[in-house]
Amino acid sequence: MTDNSATVQVLQALGGGVAGGLTRSLVQPFDVIKIRFQMQVEPVGKHEHMSKYRGLLHAFGNIYKEEGLRGIWRGHNSGQVLSISYAVVQFWSYERFRVIAHKMPFFDDRPLLLYFLCGGLAGCLGTMVAQPFDVIRTQVVAADPSSKRSRMGSLRGLRFIAATEGLRGLTRGMFFTLAQIFPLVGANFLIYKYLNALVLFIVKKSNPDHNIPGFCLFVNGALAGVAAKFLVYPADLIKKRIQLHGFQQDRQTFGRNPVCPTAKQCFMNTLKDEGLSGFYKGVSPTLLKSGISSAFYFTIYDYINRYVIHPAQDREEKRRKEELAKRAEPKKASWT
């Protein structure tokens, strides 16, 4: 596999950004519900009358009643910055890692390992770039609607958190995030690519161009997103609670606040106060969001890959072959 040109790499990054931005627009309400559930110490259940949120539909209705349509989409701007910056770096770096790995004979016979490692490393790089925006988005969604923090934009949030909490505040939960993002994204790519390979194997006789139908891409992306997210969900909950440590004064209307200064203390306090089920609070909207987002995420990028990036690669490959052919032509003798 040849190295991609700068033009192709830019197209890959832009394709990732488009996929990330469009997907964020569709799934932001589910992210709001997930974060609200994750921050709630009280049980989530329809018979839990002392709890702020008792279920998916109850939470949507409650937020709309108290905060309006804006509340359901709270944190969308910072979420867009997060999603686009993450997706740009993730898809660009995944393609770069894949090119490098294909040059190593070890990975030729181990494609699933290649997908897992390249996806996991790409996810970590994307996370390192986007982590400050994740902290801002989480705090905007989780704060009281009447607080100034709930109305922070991305740039204002960066300045505010940097001034009040320093670099540590902007990177809060980074180590724990990387620990859970590597297997999450690695498994996501692995499962998605494996399911696509199964589809190609089944329809290869009727599909000489090896183009997977869009419906299959969508379903495979959804299945990959749900399966991968379920595996690492408890780590995501702990990460969110760590990111929100230190601003309980902006969360007076949501009931008790989780006490999570460190990952270890967060784990022990959650287990003590909420039991094992506490680690899966918000799992329903999360799996729904993960399935939808992963389905659109991969499908949009693969369509951009099919109709924009691959044709650009083919044109460059054609030019390279023409240049090599010209160089290989014998020089005509010059007569004087």
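Numbering starts at 1 and runs along the chain as displayed.
For all residues, glycine too, the Cβ spot is worked out from N, Cα and C.
Residue counts for the repeat 'Solcar' (7-100) by DSSP state, with H, G and I taken as helix and E and B as strand, are 75 helix, 0 strand, 19 coil. Annotated repeat 'Solcar' per TrEMBL: 7-100 (among others), in sequence order.
Sorting each residue of the repeat 'Solcar' (110-198) by its DSSP state yields 78 helix, 0 strand, 11 coil. Summarising the annotation, TrEMBL assigns repeat 'Solcar' to 110-198 (among others).
The transmembrane segment annotation in TrEMBL covers 112-130 (among others).
Look at TrEMBL and you will find 174-192 (among others) tagged as transmembrane segment.
Annotation comment: TrEMBL describes 212-307 (among others) as repeat 'Solcar'. For the repeat 'Solcar' (212-307), the DSSP-based tally of helix, strand and coil residues reads 75 helix, 0 strand, 21 coil.
Counting same-chain residues at least six beyond the ends of the transmembrane segment (212-232), those with a Cβ under 8 angstroms from any Cβ of the stretch are 180, 183-185, 187-189, 191-192, 195-196, 199-200, 203, 283, 286-287, 290-299, 302-303. For 212-232 (among others), the entry in TrEMBL reads transmembrane segment.
The annotation region 'Disordered' is assigned in TrEMBL to 315-336.
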Notebook entry, point to check: So what's the mean pLDDT when you look at the repeat 'Solcar' (110-198)?
Noted result: 86
